[in-house]
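The block underneath contains the structure these notes are about, expressed in structure tokens.
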Protein chains: 6
Amino acid sequence: MSALPTDSLETPRFCGIPTFMRLPQADTLDGLDAAVIGIPSDSGAPFRTGARFGPNAVRQMSIMLRPINPYRGGLDVFERIRVADVGDTPVVPGYEVRSLERIEASVSALVEAGIVPFGIGGDHSVTLAELRAVAKRHGPVALIQFDSHTDTWDKYFAGERYSAGTPFRRGVEENIIDPAHSIQIGMRGSLFQPSDVSQSLDLGFDVVTTDELFEMGFDVLASRIAERVAGRPAFITFDMDFVDPASAPGVQTPESGGASARETLDLVRRLHGIDLVGCDVVEINPQYDGPGQITALLGATVLAEFLALLADR
Amino acid sequence: MSALPTDSLETPRFCGIPTFMRLPQADTLDGLDAAVIGIPSDSGAPFRTGARFGPNAVRQMSIMLRPINPYRGGLDVFERIRVADVGDTPVVPGYEVRSLERIEASVSALVEAGIVPFGIGGDHSVTLAELRAVAKRHGPVALIQFDSHTDTWDKYFAGERYSAGTPFRRGVEENIIDPAHSIQIGMRGSLFQPSDVSQSLDLGFDVVTTDELFEMGFDVLASRIAERVAGRPAFITFDMDFVDPASAPGVQTPESGGASARETLDLVRRLHGIDLVGCDVVEINPQYDGPGQITALLGATVLAEFLALLADR
Amino acid sequence: MSALPTDSLETPRFCGIPTFMRLPQADTLDGLDAAVIGIPSDSGAPFRTGARFGPNAVRQMSIMLRPINPYRGGLDVFERIRVADVGDTPVVPGYEVRSLERIEASVSALVEAGIVPFGIGGDHSVTLAELRAVAKRHGPVALIQFDSHTDTWDKYFAGERYSAGTPFRRGVEENIIDPAHSIQIGMRGSLFQPSDVSQSLDLGFDVVTTDELFEMGFDVLASRIAERVAGRPAFITFDMDFVDPASAPGVQTPESGGASARETLDLVRRLHGIDLVGCDVVEINPQYDGPGQITALLGATVLAEFLALLADR
Amino acid sequence: MSALPTDSLETPRFCGIPTFMRLPQADTLDGLDAAVIGIPSDSGAPFRTGARFGPNAVRQMSIMLRPINPYRGGLDVFERIRVADVGDTPVVPGYEVRSLERIEASVSALVEAGIVPFGIGGDHSVTLAELRAVAKRHGPVALIQFDSHTDTWDKYFAGERYSAGTPFRRGVEENIIDPAHSIQIGMRGSLFQPSDVSQSLDLGFDVVTTDELFEMGFDVLASRIAERVAGRPAFITFDMDFVDPASAPGVQTPESGGASARETLDLVRRLHGIDLVGCDVVEINPQYDGPGQITALLGATVLAEFLALLADR
Amino acid sequence: MSALPTDSLETPRFCGIPTFMRLPQADTLDGLDAAVIGIPSDSGAPFRTGARFGPNAVRQMSIMLRPINPYRGGLDVFERIRVADVGDTPVVPGYEVRSLERIEASVSALVEAGIVPFGIGGDHSVTLAELRAVAKRHGPVALIQFDSHTDTWDKYFAGERYSAGTPFRRGVEENIIDPAHSIQIGMRGSLFQPSDVSQSLDLGFDVVTTDELFEMGFDVLASRIAERVAGRPAFITFDMDFVDPASAPGVQTPESGGASARETLDLVRRLHGIDLVGCDVVEINPQYDGPGQITALLGATVLAEFLALLADR
Amino acid sequence: MSALPTDSLETPRFCGIPTFMRLPQADTLDGLDAAVIGIPSDSGAPFRTGARFGPNAVRQMSIMLRPINPYRGGLDVFERIRVADVGDTPVVPGYEVRSLERIEASVSALVEAGIVPFGIGGDHSVTLAELRAVAKRHGPVALIQFDSHTDTWDKYFAGERYSAGTPFRRGVEENIIDPAHSIQIGMRGSLFQPSDVSQSLDLGFDVVTTDELFEMGFDVLASRIAERVAGRPAFITFDMDFVDPASAPGVQTPESGGASARETLDLVRRLHGIDLVGCDVVEINPQYDGPGQITALLGATVLAEFLALLADR
């Protein structure tokens, strides 16, 4: 099996069943440095459902992407690291808790093999399952969360503890997130309670709102992130609603007033000093994305930037 | 509170927040004969999710409908029966079992008040909750099911017992359906196992495939239904995938080759001899319905025909 | 100026600014037998608005059509009659009465020149203006109306007399329709009042419901139409909601349960014995039609059949 | 009746018939400080029609919004002011002048009860009717208009005086706008005549183009607005085409090159020193908005910011 | 490698990268009886282009299909024949002649290995390449063509000989089609020239128009097909525009007035007595198909019926 | 024939068959300074096809535009220069090389008559044909290319030399571009090879990436362009994928992270010192543009700015 993507100058992009970036679909985990894995669960979604179709939507738009990353010195990503698309985790739609168990098992198989998982959600609750898998090997991780919401609420709908709105409170409680080295970036919009943001501070997270990130500038923020994680094993989770709905209409809970695609990529490309042990891009819902599928394209591009971040060690 | 729909010759249809057929939204259940109730749960959906938005989609298209039904002798439905839109049941997205409990509680409140519930789903698993509520008052009901699938499978996804594919096996097991007086109409398409249809026969249902219903004709079928239910309290459940995808594209699990909208209405308008104690229209998903929202319109029209069936006693 | 459509075997259909059937856009009315004229008014629309974009939507799909009609003996339409696309009438959006005046003036210019107008609506109120123009030359016309609604209501919204729901009552009152030789075909669906259909009978129209037209068969109906019009100057008005929403989702007031496209064309192709002095296809709204634009295609096909009917004299 | 929105942590957002921000739908006006009122008229629209469906589209997306506004000190809006959704004004589609009369009557009922109206259009001509209602109580108001066009043209289509392009010339003529304390913000794009902008200056308005607002910065502009209105009773009208089509595709007359959603909210959140006696958000057309409905979401968010501005007195 | 589809009762349909019917994606051709192969070429399309995305659209909807075919005696297709999805042929977009060469090479590799190719187009010109491959082994084949157009024109656009409108004239000229045992079914609509249908008769084909097929009935037609092919090696080509646009809006050249999905499947399921050496479903264009993707679903269902026809030997 | 656009204050924009900016459709080339010409070819498209429908999509949205350009001193464009819409070039879909020949012939007819061509693509390969036509009169031109890709690759798909990815290498080889006075602006995103950008430098072009253009600012860039072209005859080609997908989703090969519509227009309006001998806007694909058609609107606006640039000599 080749370790390189199909060459889009030889074979048109639309030929073939789409895998992420036209990478080989793995038969084996042997020798992989990183694996792209779809996590098609939306049982945690309190509003628009359909992120179960997110992984394949991202794959379909990812065929636009090419292997060289000019933003990290012309890095040829797949010369540096060996990557495959390993397909999807199983899930149990309508059964949030069981879905998280299945996701954790699939991701654990990667982590145990020393492979860095690159997840494609799925609603944001899937990140809790990924963190469980990663923490088994690396201990509590530094979390770098791009999101318009903190997702640190306690309970939803008369008491349910697992939802797209609660994973990072659960993660602290389960001691799989190290909040003292974690940071949440992009919060904005109206709040349920005055404590919606302060609850994250109370849990120990650093929090940067969308207004603050534009005030401080992206270089300052990138340094603040690097300082916060302080070289510890880090997991990056990217909720597409961090981005403004103009650039990412296909999400579960859109929040007007976020960063544009250009600003988002500019920020992501400045990330440095991160010991990446896992990451994901979540909350992509193709049914709300319009015919251009620009949310899926941007999500694929962000994930490809995370691959470059890993390769650029 | 008026008991009549808003007059669309006086106030344009698009004025006002849409309730079913522009009926009053109930503050009280007093004096109602029937109540339209949204059941926005899609936690049972094994494929396309989003039927949580079905009830409001049906309401929005139902404003096209007018109160007189010429197919039952120029019946003025709302002179005969007092009907209101009572809003939606609560649900717990991602928690199928708890959602069914909440739905059952809401529908039970109607049934206990002597009101016939007219449900708008939601995925087909919600019918199990409705049947539980109805059977508490009426005992095991005669089920008249329009559907392209039997939905009598046993388990899904490594053992889960509650899903849009299992409600009518559960209903027989729970003794809330009387299969000897029940009938399933419209089965078609490819099968998981050779037993997909025979399993319903084994449970005691009568089954009429789509091919058979066209062979026998609609008058014969209407009589067969009346004979089957034999005057017992009956519940009609209408899965929109009974209809061909050309007329009902906005469903969870479309199955090519069903009845057209005209055939469907022709059949429904011939129903007679039914002691209706409850009914629903389920599996309407507006995200897959296209800008014309023809699935929602047809679903609303079918539900209005069931109102006329009740009024035509 | 050529009198023939652009040849789609020489120049691809998508080349050029689309006129109806790629006909020449007229600089002059000299020598024309018939003229296709857009009537982009939707000020009469009580529900979904946007039929102002109908004429160009129909033009864009009409480029699929070819000049030979095999259903009338392989008739080469444009060898028999000289036809041009004369563009659109002006209208005054938001001013229904003034819009009708402008439309009447434009259509009158055609009628006075001895040209048969082929209108593309626009909402159904535009037909009143066309009838005024035609009746000035021909006297009260025999009306052949395909529609799911009678459009013979009296007043809308606290007294307005001009609307898509009233043109044919107005036409009788204004003595431009001869109801004794007119027929309305396709009525169906729920009613505002028990009199919704009988009001047309009271005005003197013959009425055939959708159910009745399928019972009698298309040949019987075609003969009934010919007998009804009895050789008098006739105007055919085709409201796209005659057709089922599966085949015509892009309309103002969709009504489930109509004829399919195949049935519609089969019926239209059987029309005979009609002295056509004008016709239109109305209520096409591309915003509700989906990416396939099948309503516009069917509307264009129906209008092309009317051209063949005229050519087949 | 509760005065608080439904709690979206208890009951999922998609449960229930959507009112603005899930506020109670009012049975009475007693005790209200502000009322959200839909104004579903598009008879004034010279281009894309369909804003009649704007109010319900905004309601449907407004269920994303939460009650606490962090941009005005963590203000709990509904603790400060009592607000309800009072449904829609009646209108007469196709009859612009009569529609304005009906709208004025409905809004007057609110104003006379001392309630600040928060309108959801509808095309921009509806603002004239609102201003007539407001001015009856408050005299000529200071108008703060966000828009890409001045809407101070004189006549349209051979002389009609009432249209989405003329309300603010009419308002000055009718002495219900005080131009000396009014300001128009956001003008851009190509012009019909060299006087398109200067005509507003001639009428006495202050005018800030899109280019100028970015040059001066949002703090300077917010102060300029406060100085211009000088404490007088003020009405804010927000035409969604102020915003760039990337963030607001669902409008009547899109104009490339406007502010993004983030810039728009940043500006709106800086408004201060305004004695708000009424406001609206207009020109939202869901048919042109795509499946993500981002225009409706942004419109809802802007209106919620105006509620916070009122509550922040 | 398993030879069976993924079990959708164990693993939800949306999990995994979609292959046709969730079949294994082949690493080897060894032991296969049939192979599904995508042919993503639309360089032959004279009107709507985009069928290059057809194969993956069909795969995505084919995950709805199940392995048992009840229309051929409860046949378990994949117990009878070993089938895999072998991915796509390469193509050269914009270079029709070279694309046909590449397609022929890929299909030839299957045919030479004794595997029956099941192609998914692509525009209809790809069938010429498939026929070239098949005829190398089997000689001139009996062609069974479902289509609304004959596709036996001679040249397009000033002389080009290869196009979606010409493959079956070319096939006769190249002696890879045996017209005396071939039949074209479904022709309808307006014509370029009076000879559009007779040109096929002149080439030696049998032709059945849409009108004729409904007159004769499906059983008669199925027998006429069996008699026509007379046991010779046969290739079935199914152009989706055979079907009415209501059931198949996502095609290149829609033609109003075809068979419904139910009628289409009813006809296809009656086919018998055919020695199938190859087949395809072509002209599926997902961009014109609407969110329900009903054209892709029907195309997948038709192809699955052809698999059952092969298995039912 | 009038030389002025239809007045949208007299006749509503939606009346009439749309030409670019409602300009007259030319019967003759006499006296024209500039001509808008559609080039509906997408045979060069390696990814999303459908730009053949771009010219009419741009025309339909261009009816929003008005004749006065306030960004160049209130310039009345059509008082300064006489412009018409001359329709489309013929093309041969599926035959890239022949299509380029036909396009060249049509554009040459304009250039030979001393008319500046304003092309609407079509995929980017059409620019090569335009350049061939222009260079016959003006010699090798200074090219000003806005694009996210250099389009200077050598060969595609096993050796084809003509494609949307190769026109500017071909143009240098054919000596119709003068690279020493040419500049490419907007490159960004991942690369096939490390040389993707440097290959343009090797050919002699100046290259400004998206990152660089934001660093240098638009005034500096406008001056750099003017200095680069140095008064030589210049051709501006504008690939819509220069713009971010949020503002231009309807393109062939979207690339996340480009300029917004406001930034794009701000830049284009600063262009000066250019002896414009031709220009185009390419790669607009309405099927991917969503119902708002914002890509087509922006493309039309950019082309109108180029008309103002020509008129502002």
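The backbone N, Cα and C atoms fix where each Cβ goes, glycine too.
Keep in mind that TrEMBL annotations are predicted by a computer and have not been checked by a curator.
Keep in mind the model is a prediction, meaning the values are calculated, not measured.
What TrEMBL annotates here:
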BINDING   C:H124  Mn(2+) 2 binding site
BINDING   C:D147, C:H149, C:D151, C:D239, C:D241  Mn(2+) 1 binding site
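Shown in sequence order, C:G44, C:D147, C:D151, C:A164, C:G165, C:P167, C:T237, C:D239, C:V282, C:E283 are the residues of the chain, 6+ apart in sequence, with a C-beta less than 8 angstroms from the C-beta of the residue listed as 'Mn(2+) 2 binding site'.
Excluding C:D147, C:H149, C:D151, C:D239, C:D241 themselves, the residues of that chain whose CB lies within 8 A of the CB mean position for the Mn(2+) 1 site are, in sequence, C:H124, C:Q145, C:F146, C:S148, C:T150, C:G186, C:F242, C:T253, C:E283.
C:D147 (Mn(2+) 1 binding site) carries neither a helix nor a strand DSSP state and counts as coil.
Take the CB of C:D151 (Mn(2+) 1 binding site) and look out to 10 A: across all protein chains shown you find 26 other CB atoms. Chain F has no C-beta under 8 angstroms from the C-beta of any of the binding-site residues C:H124, C:D147, C:H149, C:D239, C:D241. Long-range C-beta contacts of C:H149 (Mn(2+) 1 binding site), restricted to its own chain and to partners at least six residues apart, with a cutoff below 8 Å, comprise C:G165, C:M187, C:G189, C:D196, C:D239, C:D241, C:T253, C:E255.
Residue density at C:D241 (Mn(2+) 1 binding site): 26 other Cβ atoms are found within 10 A of its Cβ, drawing on all protein chains shown. Comparing the binding-site residues C:D147, C:D239 by how many other C-beta atoms lie within 10 angstroms of each C-beta, the top residue is C:D239. According to DSSP, C:D241 (Mn(2+) 1 binding site) sits within a helical segment.
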